[in-house]
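> This structure is in structure tokens; I'll ask about it shortly.
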Amino acid sequence: AGPIASRQIVPNYPASSTSKGFHLVVNVTDPSADFTPSINNFYVNSIHVGAALNYVGVTAVPGRIFYQNGTAEEIRYAQSTVISDGATPPVPFGLSLRPDEGSDVVSTARLDAGPGTTGVRVSRFPEPYRFLQPETFLACNESLAYYQGDYFTVIKQADVTVGDDGSIDYNVPDNCISVRLIPECTELNELPEDAYASHEFAADTQCYDDVSALNWSEYGP
């Protein structure tokens, strides 16, 4: 008998577009762990918790418009930030990661007035998919004191750690599920003349036209 021909694996990834503005869409990476009701394909939005202070939450309808802010060199070396304009007149609200009290690995995402955390970015080549980094992002069911203890879905981020025996720990708290935040192209908001925000360094970002239309099981390896 002749040799068995090895099956050639042809990489297949979803087509991306380019836009300065984008929404962030929640992709629940393990559907069996999803909340009830599901938050898959929900949009990232802000949760007001004080003057110019916001947690990052989710909503069923298109949420905040984001853009990557930085020079070409800053984008290349992961020193850019992700910003969403807010308030009147518009000011930049930067996406930041604030370490949780008592934790070395879990941070809470914030969208406060200011520049945001450098290194929060949309993935680039050679990574074949587009998603927000650094991973792993989480969606967590948390009570917020600002709302008298009411529960909200809050976005957090956890660092992956490796144990002495080589085991990998994704450090996902019990009240959280792992998610990816996927950029969906949208038109960047225009700014009025009195805006404190600026789009001078709003970068072209690779994003998907319609995240909810993507069947992720069709892509790979």
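Counting begins at 1 with the first residue displayed.
Keep in mind that glycine also has a Cβ here, set from the backbone N, Cα and C atoms.
In case it's useful when we look at the structure, here is the feature table from Swiss-Prot:
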CARBOHYD  N27  N-linked glycosylation site
CARBOHYD  N69  N-linked glycosylation site
CARBOHYD  N141  N-linked glycosylation site
CARBOHYD  N215  N-linked glycosylation site
> Quick check for the class: what is the C-alpha distance, in angstrom and rounded, between N141 (N-linked glycosylation site) and N69 (N-linked glycosylation site)?
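On Cα coordinates alone, these residues lie 30 Å apart.
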> Since the record lists N27, N141 as glycosylation sites, which of them has the fewest other Cβ atoms within 10 Å of its Cβ?
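Counting other Cβ atoms within 10 Å of each of the glycosylation sites N27, N141 gives the minimum at N141.
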> Starting from the Cβ of N215 (N-linked glycosylation site), draw a 10 Å sphere and report how many other Cβ atoms land inside it.
7
> For N69 (N-linked glycosylation site), just give me the three-state DSSP call.
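SS state of N69 (N-linked glycosylation site) = strand.
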> Given N215 (N-linked glycosylation site) and N27 (N-linked glycosylation site), what distance in Å do their CA atoms have, once rounded to a whole number?
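Each residue's Cα considered, N215 (N-linked glycosylation site) and N27 (N-linked glycosylation site) end up 11 Å apart.
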> Cα distance, N69 (N-linked glycosylation site) to N27 (N-linked glycosylation site), nearest Å?
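Rounded to the nearest whole number, the Cα-Cα distance is 24 Å.
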